[in-house]
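Peer 1: Attaching a single structure in structure tokens format; questions to follow.
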Amino acid sequence: VVKEKNRMGECPVWEERENALVYVDINSQKVCRWSPVTCDVQSVSVDARVGSVALRQSGGYIIALGTRLAFLDWDTQAVTTVLELEQDKPNNRFNDGKVDPKGRFFAGTMAEETAPGVRARWQGALYTLYPDYSVVKQLDQLDISNGLDWSLDQRTFFHIDSLTYAVHAFSYNVHSGKIACPKLVYRLEEEERMPDGMCIDTEGKLWVACIDGSRVIRIDPETGKRIQTVMLPASRITSCCFGGKDYSEMYVTSAYDGLDEAALAKEPQAGEIFKITGLGVKGIPQNFYAA
């Protein structure tokens, strides 16, 4: 549905108040908004790689860019830094982020590659920004903090550290925002490649984007089994969210960075955004950062 190609399209969020899909192109340092009515893409350029975007209750967005958490005013394009973290790790940046049921923003970091396929290990962490702007480090020694969501009963937090090739579940205290007691939910099969972004549906099942695996997979976190696979016409599938007027459509982002000329010739749709219909299941609206 979005033909404008992204170097590293990520973190799609359905924004009901704008009837639009909001997402980032990490490597182009842009926050983008696509209207399904006009099919136009608007974008705001920022001064660092932007790993994630989420809705803000008071309007505009909260974004994680470079090693900063900031507010983005869409109309003025002003970026206001809330907090800077990991200044001792100049090669790190924020990656995926999402708002929890109580309006706190969870976002994690990762080390950038220093050469193709080469990155320092265990440099990432997962943080929670509370509505009073205080921050808590939830997890440490991660590789690529990624896909995150919460169970429908708000008792479990799901998280992906991509280089573990697995989805993990944590007990989640909705009152304090704290997470604990990790356990394995699902380990990806070889052909599924690496887990990236993730979202949950109204049946409590998880949808995981498989980067370099050309697919999204549906997992039952209760049984730890994969129950569905949807193949897509691009290999570097990065993230997914539900949207549309009744949240019955799935939007899927992809990337073309990391593909050589021969691969790009075989994948003319690399970097585009796709819509999957007819899944027979719906998603839930995104939470707003409560400040």
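Cβ coordinates come from backbone N, Cα and C, glycine included.
According to TrEMBL, the protein has these features:
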- 8-255: domain 'SMP-30/Gluconolactonase/LRE-like region' (DOMAIN)
- E10, N146, D196: divalent metal cation binding site (BINDING)
- R93, N95, E113: substrate binding site (BINDING)
- D196: active site, proton donor/acceptor (ACT_SITE)
Peer 1: Please report how many Å separate the Cα atom of E10 (divalent metal cation binding site) from that of E113 (substrate binding site), as a whole number.
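Peer 2: Each residue's Cα considered, E10 (divalent metal cation binding site) and E113 (substrate binding site) end up 18 Å apart.
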Peer 1: When a 10 Å sphere is centred on the Cβ of N95 (substrate binding site), how many other Cβ atoms does it contain?
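Peer 2: N95 (substrate binding site) is surrounded by 26 other Cβ atoms within 10 Å.
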Peer 1: Using a 10 Å radius around its CB, how many other CB atoms surround E10 (divalent metal cation binding site)?
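Peer 2: I get 25 for this one.
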Peer 1: For the domain 'SMP-30/Gluconolactonase/LRE-like region' (8-255), what's the mean pLDDT in this predicted model?
Peer 2: 97
Peer 1: Between the binding-site residues E113, D196, where is the Cβ count within 10 Å the lowest?
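Peer 2: Per-residue Cβ counts within 10 Å for the binding-site residues E113, D196 bottom out at E113.
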Peer 1: Looking only at R93, N95, E113, the residues listed as binding substrate, what is the longest Cα to Cα distance in Å?
Peer 2: 13
Peer 1: Here are the binding-site residues: R93, N146. Which has the lowest count of other Cβ atoms within 10 Å?
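Peer 2: Taking R93, N146 as the binding-site residues, the minimal 10 Å Cβ count falls on R93.
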Peer 1: Specify all same-chain residues, apart from the site residues E10, N146, D196, whose Cβ lies within 8 angstroms of the center of the Cβ atoms of the divalent metal cation site, ordered by sequence.
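Peer 2: For the divalent metal cation site the neighbour list reads C11, N95, D96, I144, G147, I160, S162, G197, A209, I211, T238, S239.
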Peer 1: Just the number: how many Å between the Cα atoms of D196 (divalent metal cation binding site) and R93 (substrate binding site)?
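Peer 2: With distance taken Cα to Cα, R93 (substrate binding site) is 16 Å from D196 (divalent metal cation binding site).
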Peer 1: Whole-number Å distance between the CA of N146 (divalent metal cation binding site) and the CA of N95 (substrate binding site)?
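Peer 2: Checking the Cα atoms of N146 (divalent metal cation binding site) and N95 (substrate binding site) gives a distance of 7 Å.
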Peer 1: Enumerate the residues of the same chain, R93, N95, E113 excluded, that satisfy the criterion Cβ within 8 A of the mean position of the Cβ atoms of the recorded substrate site; list them in sequence order.
Peer 2: I26, R49, G51, N92, T109, M110, A111, E112, R119, I144
